[in-house]
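Quick look at what TrEMBL annotates:
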COMPBIAS  B:33-44  compositional bias 'Basic and acidic residues'
COMPBIAS  B:45-56  compositional bias 'Low complexity'
REGION    B:33-56  region 'Disordered'
REGION    B:694-733  region 'Disordered'
REGION    B:813-859  region 'Disordered'
SIGNAL    B:1-25  signal peptide
TRANSMEM  B:78-95  transmembrane segment
TRANSMEM  B:107-125  transmembrane segment
TRANSMEM  B:166-186  transmembrane segment
TRANSMEM  B:201-223  transmembrane segment
TRANSMEM  B:230-253  transmembrane segment
TRANSMEM  B:273-298  transmembrane segment
TRANSMEM  B:305-321  transmembrane segment
TRANSMEM  B:327-348  transmembrane segment
TRANSMEM  B:360-382  transmembrane segment
TRANSMEM  B:394-416  transmembrane segment
TRANSMEM  B:458-477  transmembrane segment
Amino acid sequence: MGSRASTLLREEEIEEIKKETGFSHSQITRLYSRFTSLDKGENGTLREDQVNFRGFMRTLAHFRPIEDNEKNKNPTASEPLNSRTNKLLFAFHLYDLDRDDKISRDELLQVLRMMVGVNISDEQLGSIADRTIQEADTNGDNSISFNEFIKVLEKVDVEQKMSIRFLH
Amino acid sequence: MATTWRSALSLYMLLLMVSRGLSLASDGNKIEPVDTKQDTRSGSHGEAASSSDSGSEVNVTLTTLPIVSWKWEHVSEPYLVALWIIVCWLCKLIIEANHHVTNVIPESALLIGFGFILGGIVWGADLAQTFKLSQRTFFFFLLPQIILDTGYSMPNKLFFGNLGGILVYAIIGTCWNAASLALSLWGCQKGGAMGDLDIGFLQYLLFGSLIAAVDPVAVIAVFEQVHVNEVLFILVFGESLLNDGVTVVLFNVCDAFVTLGGSKINAVEIIKGIISFFVVAFGGSLLGFAFGILISLLTRCTKNIQIIEAGFVFILGYLSYLTAEMLSLSAILSIVFCGICCQKYINANMDESSVNTVRYAMKVFANGSETIIFVFLGISAIDKTIWVWNTGFILLTLFFILIYRFMGTFILTWILNRFRLVPIGLIDQVIISYGGLRGAVAYGLAVMLDETRIKEKNLMLCTTLIVVYFTVIIQGITMKPLVTWLNVKKASVSEDSLIEKVQNKVFDHMLVAIEDISGQIGHNYMRDKWNNFEDKWLSKLLLKPSVRKNRDNIFAVFHRLNLKDAMSYVAEGERKGSLEFIRNESAFIDFTKKFDDKFSEVMSDIMADTSSHYNRGSSMRRDPVPSVCLEVHEQAIKGMNGVEDSHHLLQQHLYKGRKQHLHRYSRSNFSVNTDENEVQEIFQRTMRRRLESFKSAKMGVAPPKKISKHTKKDQQQKKPNGNSADKCKSYHSGDEDFEFSEADSANGYDVPGSLPMRVTYRAGAGIENPTFMPDPDPTASMHIPPWLADTEVDSSIAAPSQRAQVRLPWTPSNLRRLAPLRLSTNSTDSFMLPEAPATQQRGNEQQPPSAPPPTKRHM
């Protein structure tokens, strides 16, 4: 299976992805086979979003654990996709549905509604959302900006909580 | 300097105490030496012996009737137990009182030190160690609650998240420790390093297995004080917990091998041993799960016996321990998993107070027996008979234990790190290795050794003791500096915040999604599957339907945060004034309580405002009729409308009823609630009646209401005697309730529920219930004492003035004199005058049986 995938994937492309995402060669080929199995239309993209393999890998790269040798490699280079800030940015964009760089109450409500059970009434959910925003909101605009988001999650071990171990 | 003095003093105190206790104890020993001898072997046997002894004694010596008699033998056994418990706990008390000492030396080490001293005293008194930690006491009465507590308060998510690592350390690590130690010691003996010892390889294996396990009691005692990060903590702690079970199993298998003897052991027996190991370990765990489910199921239906539902947890936990022991499964694993399994469900099922009871009682038992264990570990050392010194054996054991612990940890971690998302760092590995403290379980097992089969039992026992002392005291003391020196990542103390909780949940969902997308079954995926399964089946089975509904993590945090806010809000609010405005929004919560609260607030307000005025006046108003305000209303209505019959009705029902109630209430607080229906009926009838008359009157009633309230308040305030104040309060609350509902149903006022809280409160300045002040009247300032307000109103408006005949409803002319009279010192006569008929009336009306208080309506 792996060999079939790697034949479809050009070697230089793998190198580029490797550079960009930090995945190893074997991981990339494995994920490519996964990608092709997800790709029902067999046109190199996923669903209506037109996610190609590069995008797919870029998204997954956010969840790669930070390795020790990466931490202090060279700070001048552009931040890897799995840095703390990028992980947080990814999480932030999950909320920020309209891409205005702010999490509004409605956006938060939508996410909350998806997560909590049906037993919580809309009012309760509303007050939960209000309170959540209050906790983060420092400038009083009733929404959470990315800076506020980073600040309020300062103590959370994002590096660990937003990482999974990818198989080789 | 000061510290040494204080510790010396405390030591002295303790010695005094203990020697006193021991003089009693040694008395007992002299009187009945049989009892204490048997004590170590079998408790029940000794008890039977002592009771039969004392029984025969009574029969023999009874010649005359003794008024009191000295019956030490009768109580000696439980008495000694209780005495020892109190002595141990007092040791802890003394230790914990000296924080500068516990900062350096861990509590467990200090307790062992105290044990040495106590043991020395006992030895000095008896010249033998009469008190020892028997393995029966330890395994049946001291250990279970500690393990149950650890299981019950185990952070489940963390535990199961690191379960792989914990199991590897606990099973493989322990086996490695045991085997390597046995091999090395055996090799050293063959090499002649320990002189002439009669220990075979199997016996070394037995010794290795008993001393291999890290002890949870000792580990928690030390690690709780150093606050390492949670992953490190759970690794050490989980390992110590599980490997206790493992080591007991291992010990039993080895013990069986020793009994069989070397010649009979073949491959089949070894395989059977390994199988038995797994059966015992997993069987015990499964049994624990079963009992955990049983507890959860049981707490589903203990609503009606809430007072003892907390007990079920303990007794079933203990039963799971004993059952496992009976089936020769691992009792420790059984009770651990029982606690882990049931914690979530029982915390949800049981009443909150029961949950708190369980939580605290668990801690009391666990901490208590932990203290006892450490003290007795110390005491047990002071016994000449067990000490067999063999330098080679002891030192080599210590050395190998340390070395192999480090080696085992490093090797296993190296393997583990290949599979872990977050690898265990080198420093953490050092701490894990160094945290391998041995403790009471090892000692308990060593005591269990059979002397007939193992010739060098005493050597093993004292080696075990030395290992325990070395690890607990030396490693315990150096652990903290080591943690600081190595700069181990400490546990972060973070406040609960909703957004973190939400975000964590988002992270969880995200990881599951990514694992799904990338097509691998990782542990997030498994956890998600488990959560779904639990939601669908387990919680349906184990949780009360009522609880199941509102069980959401985020909402729970939200609720908790709100509760916290409410608490601080109350604290803040009470500092600033009353919190009565809450009533604006929720009209039908328990009024009586709130009114009471409000009254106290209001009273203080008025007191502050008018204290100068009626300091003198109060003396004469000490015995006001509590029902005055009712009279006022009735009189007012009567005066206004001439609706005589309503007045009569009121007098017949409400008035008498209340008098009656007041009378009874003063005698017994709890007999009030007897016939609720009657209360309801009378209350509703009178209310309807009043409402009708009220409507027909079509008068603005606000001012008199205000006035009546004032009256009530200052009456209440004048009451120096708590009982009558109580009466008055309950009475008033009933009345006000009445008024309130009247106002509500009459639609006479618009209840300013929409007013901002602060505003209402300020405007009220003491009497701020908006329902009672429907149209805030700036002229009627609340700072004016009520009676002055009366006269004011009196002079300005005609109609309300009549109603405002607060205390003297009989003639308007009386009222004219009222205000000045009240303030004057000489007014006693004229003031008391109108009271006379009222009291008379009250006296007449005591007989009617009906009408318990309306007050209780809301209770």
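From the backbone N, Cα and C atoms, a Cβ is placed for every residue, glycine too.
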Quiz item: Residues of the same chain, at least six outside the transmembrane segment (B:230-253), with any C-beta under 8 angstroms of its C-beta?
Solution: 147, 150-151, 154-155, 158-159, 162-163, 165-167, 169-171, 173-175, 178, 206, 209-210, 212-216, 219-220, 223, 273, 276-277, 280-281, 284, 328, 330-333, 336, 422, 424, 428, 431-432, 435, 437, 441-442, 445, 448, 488-489, 491
Quiz prompt | Recorded stretch, among B:78-95, B:305-321, B:360-382, B:394-416, B:458-477, maximising Cβ pairs under 8 Å relative to the transmembrane segment (B:107-125) | solution = B:360-382
Exercise. Give residue numbers and ranges for long-range contacts of the transmembrane segment (B:394-416): same chain, 6 or more residues beyond its ends, CB-CB under 8 A.
Key: 164-165, 168-169, 172-173, 176-177, 180-181, 184-185, 188, 193-194, 211, 424, 429-430, 432-433, 436, 438, 462-463, 466-467, 470-471
Exercise. Spell out yes or no: are there three or more C-beta pairs under 8 angstroms between the transmembrane segment (B:360-382) and the transmembrane segment (B:458-477), with each pair 6 or more apart in sequence?
Key: yes
Quiz item: So are the transmembrane segment (B:305-321) and the transmembrane segment (B:166-186) touching or not, going by 3+ C-beta pairs under 8 A with a sequence gap of 6 or more?
Solution: no
